[in-house]
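Worksheet: one structure, shown below.
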């Protein structure tokens, strides 16, 4: 708690700009670098210990199976960059996919259904944003309430798994496209879902790093008060990021539903934690202000690869997965804490 | 409870001013709804042989005991500007530990029941200690610390029981949930005693004031010589131990721990009870009485939803609506709308939202 009272030392004292500039990027990128090192380390370890990791089919599946997580993590990157959090994404997936499957099965136009699924996410995101921005509700309380609302509404619709009809056009989003035809089953394949995720990542990267909106997001995370005093559109931006997060959760629901073809009211329990873990592992500061959207992608892949390795290993009970995710998350949060306190001192 | 008892009239007067008067009103409203549906809803019958009371109201008391436990712990944590999202998972861990121990002991004796309770509470306290140390000494944000504990605790419960729903048989342990004392359910009596002890501890010593001072202004509290580290560790351990008690309560009634379901979304119940009771989520002043009333209201809400034949899996939606409504009522903007005078005299200040 001592750090609360300490005034941050004058930023960039004029006589040592070179030292500050040399140190600062290192400390800010350290968690992301750590995530990349861990990812590469996991691939090498997996290849040596179990084999058949570093090949087209495994890596394609890693992307295909985690496309939804990548999309969720991108949405949460926006929110966490401003110092907020969105706990409602998992529940949004549940209600959005349930509504989508039910409407598609009752003969609605698939395009309308997909648009509606995404808009359901936007609506919940907008509700969270309004609560947070206009009524001063803490972000995690507002989004926790939305999480329970979405989950409860989903439970009212149905408590049994709803199956998407086999001939539904929505399923075409998960058709596999061979990019490189390798020997035997070792093909590099992709699905429209992966392409959607890639497009989302590229757009998010562009928005965060190249637009005024993106710079405002970083500024709010650095200090909301300063951002307001600078005349930045804080209110509009904060509303927008929760809508973005909700919308991307709706999109993730489309991706997930098309892949699995089943929707249930308990779909996505705990996914908000996976998504937060992906963002934190990827090097975005939980307190906001610093981070990269590409880091979040790495974070999502680290979690996905961890599941692959645990399945391959077989000796770790699958129940322990959440403990391991929790432990990794804790290590990265502690690492951030260390980096932040180091940065205060320099 | 801090009001000086100077006559019934003044007591009523001060009660009406309490923020939880709305909770009592809501409680009465729910009971009236039930009464309309079934005019004999409030009837309490006395078993002539054993002297046990039975009826819907007694069921509500029984169901409110676990919520009361976690709500009291959560009240103190929230008063320090923290949050404990791990209570539900700690409940599962506590239930899993006690069931697994009694399942292995297999003798159904009083000794193994006591041992199981001690083990469950011990492990709960340890999890609370981890939370407390991470929040106070390491300085992590409470919500992320306890979010990790929520994640890991649920996993820990599954590992303890190897992912199975474990059952055990032990008459003494079962008595905690299903027995009666003077006609009242044991869980409610134990719960009430624990609440009274905690209330005595924080209100008859300086502890409560110190906890409030951390929540109101951590900097000023530190300058006044209050060391936050020990206090924070204390409230997180207390919250976890009370969650452990709640876990014992909720597993003892069925003598089975459902690792995925026991205590699931209980953190929401606890937060809801605290907020209904008038304790602000921004920390500071707290009301244990309010939280207890909040717990009773939630238990009544749960029972009402089942009674009105609404699918119980839809309950979270109703709770979410209640919590949104309360957050709106607490917010500056809505209050300004309600009282134009206040809006004119004091400039509406915009508080920084801190998680």
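Cβ from N, Cα, C; glycine included.
Your range for transmembrane segment, going by TrEMBL and the list B:3-19, B:20-36, is B:20-36. Looking at B:80-104, B:305-329, the range annotated in TrEMBL as transmembrane segment turns out to be B:305-329. Between the stretches B:229-249, B:334-354, TrEMBL puts its transmembrane segment entry on B:229-249. Counted over residue pairs 6 or more apart, the CB atoms of the transmembrane segment (B:181-202) and the transmembrane segment (B:270-299) come under 8 Å in at least three pairs, which marks the two as touching.
Taking residue pairs at least 6 apart in sequence, the transmembrane segment (B:114-137) and the transmembrane segment (B:229-249) share three or more C-beta contacts under 8 angstroms. Counting C-beta pairs under 8 angstroms (sequence separation of 6 or more), the transmembrane segment (B:57-79) fails to reach the transmembrane segment (B:305-329), with fewer than 3 such pairs. Nonlocal intrachain contacts for the transmembrane segment (B:114-137), taken as residues 6+ away from its ends with a CB within less than 8 angstroms of a stretch CB, comprise 82, 84, 86, 90, 93-95, 97-99, 101-102, 105, 145-146, 149, 153, 170, 172-173, 228-230, 232-241, 243-245, 247-248.
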